[in-house]
Amino acid sequence: MDCSYVFVDLGVPNLTILFALIQLYYESFDEPFEGRWIVSKKEDYEGLWKHSKSDGHEDYGLLVSEKARKYAIVKELDEPIILKDETVILQFEVRLQNGIECGGAYLKYLRPQKAGWTAREFDNESPYTIMFGPDKCGITDKVHFIFLHKNPKTGKFVEHHLKYAPTIPNDKLSHVYTAILKPDNELRILIDGEEKRKANLLSLDYFEPAFIPPKTIPDPDDKKPEDWDERTKIPDPDAVKPDDWDEDAPEEIEDEEAVKPEGWLDDEPEEIDDPGAIKPKDWDDEEDGEWEAIKIDNPKCEAVPGCGEWKRPMKRNPAYKGKWHAPLIDNPNYKGIWKPREIDNPDYFELDKPDFEPIIAIGIEILTMQDGILFDNILITRDEKVAESYRAKTWKPKYEVEKEKEKAEDAAAGFSDMLSGFQKKVFDMLYTIADIPFLEAYKNKIIDAIEMGEKQPNLTIGILVSIVVVIVTVISRVLFGGEKHKAPAAPINETEIAGAAETEVPESNKEKKENDKEDESAPRPRRSRRET
């Protein structure tokens, strides 16, 4: 591509941005991917890719639609992307809509393949130059960044893994992953535009193994001398076991001072045959063996210190010393830990900058236990401002909407938990009130009301108000009405409860109350506490 102005469609209505930059590749997935991205035809890759909207948005992406499947899909680039002498930025979005417990969501940037290779043959054996993106399973929880680099001495490709890779965000929101490769061998990893890791490709501290091998290596043919002594301490050869050291003394002995407790039943066994056990009628002694009743604890032993033969308890033997060992002293012949001598590394080479293979395709090849993984806005560019603009226009608006929704859901869940705890305390209190003696005549009705509230929590306040009214009414009658006998069952019913809480009751609940009224004539068992 040339360096002329490029108009980049950001997928935002009526909005294009002019970049005086080189754009190497961009995929928005606004249109169906079929025909541009090729699904692998290898037999192991049965996962179904879908062109699907991100949950809660009108924005489309490439969706992992099934659980516990292997997936492989690839997009061949029109021109190879060279990773030499210029900045290259790799960026893409991933949303784990159902979370992730075990699975990958990374991209592979493929190097030139063997002659005759086709995109439909793409699999885990297809060689890549860079693997980048989130992966989580078991103890693995990281944003991978792996280079495959050709050793100029041996001609073999070696995987170089970024050490201390950042962990993946633990949520179900859209996130954007960015890798910035500089011509001065600097690598920066960004998540949502924030730098999480910075490394130098040629430093020994950032990749495993390092790109530049060590100058020397341990001599594989060097052997430790037979007389090499690595022991820091040795038994004192002049030490002598004391004459009074008894190695045969037992660790425990009987407590001679112990006395059998009074009331101990020596002649009673601890267990006896179950007197209620009966031999089954179909028991055949010849086939099943002699029948024996099951054993039970001897009831005579329950009220006494014990039964059966009494034995003195054991105690620690004060004369016990165990096996004697000579004390340790510094080893006069200690030579240290032996290591083979170092020799020149035959595979050593010097490197000004890695010689990476060009990128000819972008592939997604993963095994995942989760569905709902959505890939979007895959970008390769040479300028950080382009990547930043895409993050601002394609990722950030979605993320902010999702974040606000998440906050609202968390707040609602917290309120719901608080309300649920409040309602439980209210109902426990009401069951206690129902047991008050002077409310005996109203007990059944109160319990009916409580049970209705437990089934329909939105009636809680109305039920509480109704029962308070009953209590106040009864107290008023006692104080001012002069009645000393039990009042007849007051007509507390569901209609009154609904009246006290009519603003809380939906239509469906009103219908249920009508059905409950029809069932009142049928006798029902009553309770004074919640049954569990």
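Every residue, even glycine, has its Cβ placed from backbone N, Cα and C.
According to TrEMBL, the feature compositional bias 'Basic and acidic residues' maps to 218-243 (among others). For the compositional bias 'Basic and acidic residues' (218-243), the residues of the chain that approach it from at least six positions outside its boundaries are 324-331, 333-343, judged by C-beta separation under 8 angstroms.
Here TrEMBL flags 244-257 (among others) as compositional bias 'Acidic residues'. With a threshold of 8 Å between CB atoms, the same-chain residues lying at least 6 positions outside the compositional bias 'Acidic residues' (244-257) that come near it are 312-317, 319-324.
Residues annotated as compositional bias 'Acidic residues' in TrEMBL: 264-274 (among others). Residues in the compositional bias 'Acidic residues' (264-274) partition by DSSP class (helix H, G, I; strand E, B; coil) as 0 helix, 4 strand, 7 coil.
Summarising the annotation, TrEMBL assigns compositional bias 'Basic and acidic residues' to 507-523 (among others).
According to TrEMBL, the disulfide bond annotation covers CYS102-CYS137.
The region 'Disordered' feature in TrEMBL is assigned to 213-285 (among others).
If you look up TrEMBL, you'll see 490-532 (among others) marked as region 'Disordered'.
The transmembrane segment annotation in TrEMBL covers 459-480.
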For this session: Report, as numbers and ranges, every residue of the chain located at least six residues beyond the compositional bias 'Acidic residues' (264-274) whose Cβ falls under 8 Å of a Cβ in that stretch; write 'none' if there are none.
Result: 292-298, 300-301, 304-310
Problem set entry | Composition by DSSP (helix, strand, coil) of residues within the compositional bias 'Basic and acidic residues' (218-243) | 0 helix, 4 strand, 22 coil
Problem set entry | Number of Cβ atoms other than its own within 10 Å, given for CYS137 (disulfide bond) | 14
